[in-house]
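Quick look at what TrEMBL annotates:
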type	residues	note
BINDING	A:Arg27, A:Gln28, A:Ala29, A:Gly30, A:Arg31, A:Asp76, A:Tyr151, A:Ser206, A:His322	substrate binding site
DOMAIN	A:22-31	domain 'Uroporphyrinogen decarboxylase (URO-D)'
DOMAIN	A:139-155	domain 'Uroporphyrinogen decarboxylase (URO-D)'
SITE	A:Asp76	site 'Transition state stabilizer'
2 protein chains.
Amino acid sequence: MSRLNRAPLIDAALGRTPSRPPVWFMRQAGRSLPEYRAAREGISMLDSCFMPELLAEITLQPVRRHDVDAAILFSDIVFPLKAAGVKVDIVPGRGPVMEQAVRSREDVGKLPLLETDVPEVTEGIARILAELSETQALIGFVGAPFTLASYLIEGGPSKNHERTKALMHAEPETWHMLMRRLVPTITRFLQVQVDAGIDAMQLFDSWAGYLNERDYREFVLPYSREILAGVNIPRIHFGVGTGELLPAMSEAGSEVMGVDYRVPMDAAAERVGARVLQGNLDPAMLFAGDAAVRQAVRTIRGEVDRARERGDIDGHIWNLGHGVLPTTDAEAITRAVSIIHEEG
Amino acid sequence: MSRLNRAPLIDAALGRTPSRPPVWFMRQAGRSLPEYRAAREGISMLDSCFMPELLAEITLQPVRRHDVDAAILFSDIVFPLKAAGVKVDIVPGRGPVMEQAVRSREDVGKLPLLETDVPEVTEGIARILAELSETQALIGFVGAPFTLASYLIEGGPSKNHERTKALMHAEPETWHMLMRRLVPTITRFLQVQVDAGIDAMQLFDSWAGYLNERDYREFVLPYSREILAGVNIPRIHFGVGTGELLPAMSEAGSEVMGVDYRVPMDAAAERVGARVLQGNLDPAMLFAGDAAVRQAVRTIRGEVDRARERGDIDGHIWNLGHGVLPTTDAEAITRAVSIIHEEG
């Protein structure tokens, strides 16, 4: 039995009627919060993910402050690589940087696999669950294999993913070998979270929106599908700039599809197989004042209602259409959550 | 009378049958070419745009090297602002940076207007035209007012355009005032190019893809439409990541719509009013080897043929679905042009 009792997020994810409109924000835990900046002082991002008490504290900060309906496990897309022994660091202002890029069959063959438990995360999750109420869900997360592959091949964050796409097209066998090598590590890290008691999970494919649908289907979809197929809790799937990919991403299999802020929710509903959508307030709106946020929330609400009336979807989880920007005023976030609870 | 006689690019833009598949690449003039890097040595980007001989040389380099069917005037989106007297510099590796951001009605009121000729550009264009053959078109270009506004408001390149969107939504009157102030400067710079003899023009709205369609229609479309309405040569309109915006951008009025690499050409053809599409090879494909380029060209060709058969479009101009990446091998570009001339 789940420790949850009528948690709005889980109800919405399963197509039941939630007691209030569930809302959480991607990157709700992070640099927008002064208490996060204080807690992380002098501790590197990836180190903090291996410190159970700090991990729990950071995950819980936005739940306490904003009254959101879910905590999202504080972690990073490259965390399972680090846990497996890959030499990677998160460089402030830049992102994950690899000591060595992975560009050949030999490199792929040497890529370490995550085959152990990750007790720090297990303990961190236990601490989080102990503090959440029975209506607050804990969402776990893993990065999708395409996004991880891009970091590995490019050696760090890339604006154009040219080496990644070149490897795909010039050496498809090496590409598929890399994807097959990443899946067990991601699956393992997800299983660690499931075993520790997360209530739902999100597969983040941050960079998928840089692919066209053809390439996504051939080089990415089978592997994301395999990861999602392995879990029996509510699944959310999200990528940025994925308007063209929603039908294909849908086929990876998830109860919930996250929608980028560029795609109207009623248009998204027509493109996906999922019965529940998540999204899609533009994170920049949190800079525009409460009146503008209220107006935007009403517009999204109208789109969602239209999609429901047409029978395209059964539910909606409120979120941004991308992550909280680090310079967002923490109080504006709290007020946006409250506006959504009123208007959503 | 035009100096051109059956130039493939102009024929295609006007829905006539070109003598060969016309191709040019956004950013074909620039850092991918060793002769460009040599010519620019020690000269700042914006300074080089004010030097007629250098401007002509840089514009012509890719035409000589790659056998493309058009030259694109070497310039920058912020050039008309600089010509008007705005203090702006292009910082290598970062982009256009403003000495002072524009964020209030007062700032907007003080923004200088371009009201003079730009003799350096006029002379540069004359030099370019003198060297082009009667089948090679010269494409002029201007940045769209939204993209210029974002640089002005953010003070430089922005990943999320949060200040720009906040101004739009929190102070719509100030926003519209800024757009009305930008239009005459852009129009003036475009007219300078038309008077000097450009054969076609492209309106670049680099950042439009960061807007949803609602905001694009309310805050951007009327101004882009006004700029395009003022010219009587073939017009191309392009922005990155604009899959959701193609119907709205179409309404701005242009013979040709540029298509981002994410949107299949046959899908784009269904979304636009324009009768001619431009695009949309992924610039990353130029890193994947000739066989992969040939395959991608054939795929695009198939999509274009389908759209023609359906009667959705009358013509096609080959291009990338975004600009040439600076690290692209110049010889791979030449070979891609040749593959397109064979397969397109």
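Indices start at 1 and increase along the chain as displayed.
Each Cβ is built from the backbone N, Cα and C atoms, and glycine gets one as well.
TrEMBL annotations: computationally assigned, not manually curated.
Annotated features taken from TrEMBL, shown on the structure.
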residue: A:Arg27; record: substrate binding site; Cβ contacts under 8 Å, 6 or more apart: A:Gly323, A:Val324
residue: A:Ala29; record: substrate binding site; Cβ contacts under 8 Å, 6 or more apart: A:Tyr36, A:Ile58, A:Thr59, A:Gln61, A:Pro62, A:Ala71, A:Ile72, A:Phe74
residue: A:Arg31; record: substrate binding site; Cβ contacts under 8 Å, 6 or more apart: A:Arg37, A:Pro326
residue: A:Asp76; record: site 'Transition state stabilizer'; Cβ contacts under 8 Å, 6 or more apart: A:Met45, A:Leu46, A:Cys49, A:Ile90, A:Pro96, A:Gly143
residue: A:Tyr151; record: substrate binding site; Cβ contacts under 8 Å, 6 or more apart: A:Ile77, A:Val78, A:Leu81, A:Val88, A:Pro96, A:Met98, A:Pro157
residue: A:His322; record: substrate binding site; Cβ contacts under 8 Å, 6 or more apart: A:Met26, A:Val240, A:Asp260, A:Tyr261, A:Asp282, A:Pro283
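Residues A:Arg27, A:Gln28, A:Ala29, A:Gly30, A:Arg31, A:Asp76, A:Tyr151, A:Ser206, A:His322, recorded as contacting substrate, have a largest CA-CA distance of 23 Å. Mean pLDDT for the domain 'Uroporphyrinogen decarboxylase (URO-D)' (A:22-31) in this predicted model: 97. With helix defined as DSSP H, G or I and strand as E or B, the domain 'Uroporphyrinogen decarboxylase (URO-D)' (A:22-31) counts 0 helix, 1 strand, 9 coil.
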